[in-house]
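Colleague: This is the structure I have questions about; it appears just below.
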Amino acid sequence: MIPIDPWIILTLILGFGMAWAIGANDAANSMSTAVGAGAITPKQAVLIAGVLEFTGAYFFGKTVTETIRKGIIDPSKISDPNVLIYGSIAALLGATIWLIIATKYGLPVSTTHSIIGGIVGYGIIYGGIGIVNWDKMVRVVLSWVLSPIVGAIFAFLVFRALRRTVLQSEDPVKSAKRWSPFWIGLAFIVIGTMFYIKVLHGSSLYIGILKYGIPTGIIVFIITSMLLRVKFPNVDPYLGAEVIFRKVQVITSGYVALAHGANDVANAIGPVAAVYTIATMGLAGAKVPVPRWILALGGLGIAIGVATYGYRVMETVGKKITELTNTRGFTIDFSAATVVLIASWLGMPISTTHTVVGAVIGVGLARGVKAINKSVVKDIIISWFVTVPVAGIIAGIIFKVLLLIG
């Protein structure tokens with residue numbers, strides 16, 4: 001039974017609101033390329049994303065989380081548990097308000113950067129700029145720049161290779177039958193490895209590749225090769241090639257949703273778990289346990305967020321940046337997953353949201369600069385750079401008010 005503590009009740013409500021905002025903005029990215037390419041309808045997308053986001057959050061979300069995300073401020077300098085409670089509430093509200101504003105305008109922003117901004121905001125109000133781990137902040141800023149650039153370059157190169165091996169051949173359907181098992185198998189090596197690292201929270205890249213990635217890729221390669229032996233109807237050869245990648249794109253997008261639920265639910269339930277642990281046990285360590293029912297609350301909030309408001313960001317990423325087809329959508333999912341995997345292995349800071357958007361831009365650039373909606377890209381980039389300061393300012397104001405009335 002949930003203890004009847006006003007701080008716990010308030011934080012649960014705010015945590016659910018943050019999870020809803022994550023679903024409406026960040027989680028919508030997972031299915032945006034599939035919707036933009038016409039692989040599935042928006043209604044199908046929100047249903048699939050909602051189920052997989054909840055599954056990822058509840059069954060694969062970490063049962064131990066950080067009280068202060070990414071060690072962005074020094075927890076040893078916060079000795080008063082009430083400060084951590086007020087700060088958690090302020091960070092949640094600051095991040096949630098900014099996410100709702102960004103989502104209203106269809107701008108895909110990083111939920112991790114939003115909650116980090118909220119934490120920095122209340123941290124500076126409480127302990128001054130010295131409380132912030134500026135080395136970590138530099139890594140966060142680097143991720144703003146590196147993620148979209150690396151995602152764009154990788155997607156550009158992958159799509160050029162895919163276009164040369166399949167779409168520009170004399171018989172695209174025949175080439176797709178020959179080459180798509182290779183491309184799809186390669187994608188599932190990455191997906192299998194990512195499942196081990198991001199969903200099962202494994203620590204060894206080599207174990208992930210050898211035990212999960214390669215076996216998954218080989219199985220999918222064999223199955224795809226067998227399925228493609230069927231004859232395609234006499235249609236436009238380019239459309240025939242796109243059809244081959246359509247169903248696969250739904251699977252790759254679905255994986256992104258599952259992994260997102262497992263990882264980013266911590267942005268909503270981390271502060272909730274911190275307040276719950278302090279209020280019920282008097283503990284205020286750097287890490288706290290996360291009860292399953294809190295994971296369920298976060299997963300439910302994300303799922304409802306996708307279903308009720310996710311269409312705005314889906315439309316921006318899937319339709320407004322550049323025109324997408326199934327091969328382009330597949331390229332984006334494959335490229336984003338690969339870049340995130342490599343970055344995790346190298347210990348580089350990276351934003352999945354920024355990487356996906358960068359990959360969309362990269363695929364568009366493979367067709368020429370004119371294929372990109374530059375005004376939309378400009379608005380997105382501006383929103384990325386104001387995420388941390390805006391969330392921080394809002395959280396700082398809320399924290400100051402809580403200190404005055406607390």
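Placement of Cβ uses the backbone N, Cα and C atoms for every residue, glycine included.
Heads up, here are the entries from Swiss-Prot:
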- 2-22: transmembrane segment (TRANSMEM)
- 45-65: transmembrane segment (TRANSMEM)
- 83-103: transmembrane segment (TRANSMEM)
- 114-134: transmembrane segment (TRANSMEM)
- 140-160: transmembrane segment (TRANSMEM)
- 182-202: transmembrane segment (TRANSMEM)
- 207-227: transmembrane segment (TRANSMEM)
- 265-285: transmembrane segment (TRANSMEM)
- 288-308: transmembrane segment (TRANSMEM)
- 330-350: transmembrane segment (TRANSMEM)
- 385-405: transmembrane segment (TRANSMEM)
Colleague: Same-chain Cβ contacts of the transmembrane segment (45-65) under 8 Å, 6 or more residues past its ends?
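Modeller: Result: 23, 27-28, 30-31, 34-35, 199-201, 250, 253-254, 257-263, 265-266, 269-270, 273, 287-290, 292, 295-296, 298-300, 302-304, 306-307, 310-311, 314.
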Colleague: Restricting to CB pairs under 8 Å, which listed stretch, 2-22, 83-103, 114-134, 140-160, is in contact most with the transmembrane segment (385-405)?
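Modeller: When the Cβ pairs under 8 Å are tallied, 114-134 comes out ahead.
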Colleague: Take the C-beta pairs under 8 A between the transmembrane segment (330-350) and each of 83-103, 140-160, 182-202, 265-285. Which stretch has the highest count?
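Modeller: Selected stretch: 140-160, with the most Cβ pairs under 8 Å.
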